[in-house]
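Enquirer: Have a look at the structure that comes next, please.
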Amino acid sequence: MPRRGETQEFRPFRRWFPFLVPLFVAANIALFVRTMYVNDCPAHAAAAAAAIGDSVGGAARAAAAHGCMLEPDLGRYAFQPYKENPLVGPTSATLLEMGALETGKVARDHEWWRLITCIWLHAGVIHILANMLSLLMIGIRLEKEFGFLRIGTLYVISGVGGSLLSALFMVSNISVGASGALFGLLGSMLSELITNWTIYENKCAALLTLVMIIVINLAVGILPHVDNFAHIGGFVSSFFLGFVLLMRPQFGYINQKNSRLGVHSATPKSKYKIYQIVLLVIALVILICGFITGFVLLMHGFDASQQCSWCHYLSCVPTSQWDCNKAPSNYCLSSQLGDQLNLTCQSTGKTETYVISSPSNPEAVKHLCLGLCS
């Protein structure tokens with residue numbers, strides 16, 4: 001009890017100390033460091049230079065050997081050349097080795113764990129900085145309000161939901177990043193506002209602000225090379241899950257429960273409104289049916305992009321500034337005969353023939369392709 005003359009702030013709901021979200025941030029950073037250690041750009045570049053040999057030319061060999069960003073300062077943690085990875089990070093091959101999402105490996109090889117591991121991996125420094133800053137700003141506030149157990153569950157399940165929708169629509173791409181889980185937190189904020197509508201003040205202002213934030217963030221997903229299906233999947237999953245996990249008791253029930261002995265209301269107050277229970281049941285049914293359907297379709301190798309002629313616009317809208325179907329600038333078609341390697345750059349149409357000691361060396365081919373397309 002407060003002393004005479006003192007006031008005590010009334011908090012109807014418990015406030016939690018946020019430790020899980022910072023722990024998630026630390027785990028993401030640690031995994032990115034581990035990914036760069038496995039990537040070891042200087043070693044792979046040196047092996048590529050040795051495989052290319054002298055017949056290709058000294059310039060190409062030197063470029064292969066010294067193409068890593070910040071190699072003198074970072075050593076084996078050096079980043080791939082900017083032309084290969086503009087996000088400043090590892091190769092796609094390293095990301096696949098670490099657990100990136102690829103539909104074929106999940107559907108054909110039954111590597112279902114990639115649906116979870118991919119949400120802890122990032123394609124580069126820029127990628128992880130943007131996601132971790134967003135996670136700290138959104139996640140800590142939610143963990144303070146609802147606790148580590150509910151927010152941790154929301155984060156992981158929404159991340160898996162994003163991975164599942166991405167695997168169904170982005171069949172030919174690989175995907176990494178916590179963006180699906182982050183959009184899940186935004187989706188849960190919206191459903192929390194709806195299900196706890198009666199306990200909020202300035203409801204319309206809060207709803208309008210939140211909807212604007214969500215629309216702006218989803219609009220970023222129409223840019224090329226951004227996996228907006230992961231964003232949408234994470235958002236929808238956690239939107240329905242928020243009705244289940246983030247439902248608040250009504251103030252009338254809390255006041256009655258905390259009132260002094262003998263001053264209880266004659267009519268007992270119910271803990272939840274009827275509409276809250278209805279929303280919970282509907283959301284739980286939709287969530288379970290949606291995940292079961294998604295897993296079954298993925299298990300049978302279903303390509304949703306082939307069944308929906310307009311759905312690709314949800315992830316990329318072509319404009320005069322970019323082409324959604326344009327091949328990456330460092331992508332080449334290759335063929336080989338003995339030690340002779342033929343490369344054609346998809347973006348420029350340039351074709352070149354090389355004679356190298358190891359035509360099957362992927363690092364050598366990659367560096368030759370970078371040189372051909374530059």
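Note that Cβ sites are derived from N, Cα and C of the backbone, with glycine treated the same way.
The domain 'Peptidase S54 rhomboid' feature in TrEMBL is assigned to 110-247. The transmembrane segment annotation in TrEMBL covers 16-37, 112-136, 148-168, 174-193, 205-223, 229-247, 277-302.
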Enquirer: When you scan the chain for residues with a C-beta under 8 Å from the transmembrane segment (174-193), skipping those not six or more beyond its ends, what do you find?
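Expert: For the transmembrane segment (174-193), the sequence-distant neighbours (Cβ-Cβ under 8 Å, at least 6 residues beyond its ends) are 28, 92, 95-96, 100-102, 118-123, 127, 131-132, 134-135, 138-139, 142, 151, 154-159, 161-163, 166-167, 200, 203, 206-207, 210-211, 213-214, 217-218, 227, 230-243, 245-246, 248, 283.
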Enquirer: Within the domain 'Peptidase S54 rhomboid' (110-247), what mean pLDDT does the predicted structure show?
Expert: 90
